[in-house]
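Beneath this line is the structure, given in structure tokens, with notes to follow.
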Amino acid sequence: MNRSVVLILLLNIIVSVVIVLSSHSWFSVCDGLELNTLSVLPILCGQFSPRGVESTIKYFLVQAFSAAMILNVALVQLWLCSSWSVSCPLNSFSSIVLTLALCLKLGLFPCHFWFPDVLQGLSFLQGLLLSTWQKVAPFIILVSVCNIISINVLTTLGCLSVLVGGWGGLNQSQVRKIMAFSSISHLGWICSVLSYSIYVGCIMFVVYIVLSSTVFLINNEGNLYNLSSLARLVYCNNVMGNVLVLVILSLGGLPPLTGFLNKFIALECLLSNNLLVPCAILIVGSLLSLFFYLRISFNSVLCLFPQHSMMLFSWRNVSGYYGNTSFYTVLLSILSSMSILGLLLVPALWSYH
């Protein structure tokens, strides 16, 4: 695809999120969501591979159905309240429909089935876009309506998403599917906390974007599509292999890495509201997720299978790694540093709480 076309589409995606962020009416929110969906579709199927086109069609159908649900909620509110305002109180039916629509857009339980299959059919850069930036607009809507929808329903769906994300990733050998279930689990943590503290939920969402972006970029750099291919990264680039292990452990929430911040502030927020049962469920789901994170780390560093010496040079030629400094390298270095050492920023972040 032409670079100028890609830049225009990316600009439209950014503008659509800004429209959703600045909207106070359901009409503008629906416009922003539709612009966001229609702009990302050509990027997802830009390679015109059969699997990529299939994933794009699945993504389009899911997003169209969820947008129709949100539009129906807006029309019901217009009929009941004679207003397009997002802050207008919702009745019980509209609250449940809107919650399910946002779960469908974010890939949360019980509407998570489409996300792993769609992500498996895309490249790592397309999966990065789908797992991070495409979640921003639905997350903004969820933040806007979290005070007018059922807190118990949102917390329950978040806890179940953590369990489903941890359980679903146990028997996976494809890195993209593992990242899909990891996304489901992390967004479950965020939704469980969002009703009690929007500030904590936003911090967790930013940390999730940084960690996921780092993992996707490293895997894209090394063409690491399954667990068996992870071992070659250490042979070809020892520094990047060790960074991948640390970022994966950070994604699992092990201290003293950045990912531990999400677990700590989430549990602190829930315990301050005397929610012991959700905390226990989240911890169990986090342990399930930690198992396949450790599998990735084990295959990346400890399982060093015998390799031919010429494989080192062929791998470097394919990946384009020659040690030169580029924007991609600088971006990956910054994200890796934030993913590993970001816990040092906790005092500065908590001072504004």
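Each Cβ is built from the backbone N, Cα and C atoms, and glycine gets one as well.
The transmembrane segment annotation in Swiss-Prot covers 4-24, 60-80, 96-116, 139-159, 198-218, 241-261, 274-294, 330-350 and rests on sequence analysis.
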Non-local residues, at least 6 beyond the ends, that sit with Cβ under 8 Å of the transmembrane segment (198-218): 124-125, 127-128, 131-132, 135, 139, 143, 146, 179, 182-183, 186-187, 189-191, 224, 240, 243-244, 247-248, 250-251, 258-259, 261-262, 265-266, 269, 328, 331-332, 335-336, 338-339, 342, 349, 353
Whether the transmembrane segment (241-261) meets the transmembrane segment (139-159): three or more C-beta pairs under 8 angstroms: no
